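Below is one structure, written out as structure tokens; the observations come after it.
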Amino acid sequence: MQANHHGTVHINAPDDAFADTVLLPGDPLRAKFIAEHFLDDVTVVNTVRNMLGYTGFFQGRRLSVMGTGMGIPSCSIYAKELITEYKVKNLIRVGSCGAVSKHVQLRDIIIAMGACTDSKVNRMRFKDHDFAAIADFSLLNACVHTASALALKVQIGNVFSSDLFYTPQPEMFELMDNMGILGVEMEAAGLYGVAAQYGARALTILTVADHITLDTHLSSDARQSSFEEMIQLALLTAKTM
Ligand SMILES: O=P(O)(O)O[C@H]1O[C@H](CO)[C@@H](O)[C@H]1O
Ligand SMILES: O=c1cc[nH]c(=O)[nH]1
């Protein structure tokens, strides 16, 4: 029997193509890397716009991984469709970020308990009031315990999701540092807003790929190996859900 195949404008997959838990890197090639290196029995479930999506098995647990593209608008489209059309329950972003504090270093793994933003999306969905964009506690808790079991050092706290990678307000970086922001990226606050609006659990895990105030960045080899630690952490967290 053929699976139902409604698809959406952005995801051309049968209704049951995705697992209940999806890892979401910004880069679709990172999704391909995760599928090829960490999952077994993999099926390609999305190729629309080259926003590659895969479903397979990690240590016997069915999981999916799909790129989101860069920025809150792109990520929000995929997160919304995964939740409402594909009944995805757990969305775990695995991204890269910049650091602004001297207490955060290249390769550090950050778990985004909350996400500030200069984007208006959560105000649009919350009658212009301030919505506290927070991670789902059960995912956060599972991730922290998993990191501890792996003896992996993680930093847990607030991040900042910016709309402009090339910001016209560089003076914000010092303020972010003073306010305890651990990392700067471009999706978490939007992902948390989508999850709240449509009733799913979301978490963002980040690897520090560049240090904005120290003007340093990871080499491509170091970037790859540190991402692999974050991916292990995300997959083992997903397995517990
Ligand atoms: O590495 P990803 O997951 O794409 O995350 C970060 O990298 C992109 C900017 O270079 C933005 O999407 C930002 O959030
Ligand atoms: O959004 C991002 C991602 C990595 N580094 C940054 O400075 N910003």
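Backbone N, Cα and C define each Cβ position, glycine as well.
A C-beta separation below 8 Å, combined with a sequence spacing of at least six in one chain, links Asp210 (active site, proton donor) to Ser96, Gly98, Ala99, Leu106, Thr216, His217, Leu218. The annotation active site, proton donor is assigned in TrEMBL to Asp210.
Here the Cβ of Met186 (purine D-ribonucleoside binding site) has 26 other Cβ atoms within 10 Å, regardless of which shown protein chain they belong to. The purine D-ribonucleoside binding site annotation in TrEMBL covers His10, Glu185, Met186, Glu187.
Per TrEMBL, phosphate binding site is recorded for Gly26, Arg30, Arg49, Arg93, Val94, Gly95, Ser96. Taken residue by residue with DSSP, Val94 (phosphate binding site) is part of a strand.
Per TrEMBL, the feature domain 'Nucleoside phosphorylase' maps to 22-227.
Of all the Cβ atoms in the protein chains shown, 17 others lie within 10 Å of the Cβ of Arg223 (site 'Important for catalytic activity'). Feature annotation from TrEMBL assigns site 'Important for catalytic activity' to Arg223.
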Shortest C-alpha distance to Arg30 (phosphate binding site) - which of the recorded positions His10, Glu185, Glu187, Arg223: Arg223
Annotated binding-site residues Arg49, Arg93, Val94, filtered by Cβ under 6 Å to ligand 2: none
CB contacts for Ser96 (phosphate binding site) [other CB atoms within 10 A, all chains]: 22
Where the C-beta lies under 6 angstroms from ligand 1, the matching binding-site residues among Val94, Gly95, Met186: Gly95, Met186
Proximal residue to Gly95 (phosphate binding site) among recorded positions His10, Glu185, Arg223 (C-alpha distance): Glu185
Largest tally of Cβ atoms lying within 10 Å of a Cβ, found at which of the binding-site residues Glu185, Glu187: Glu187
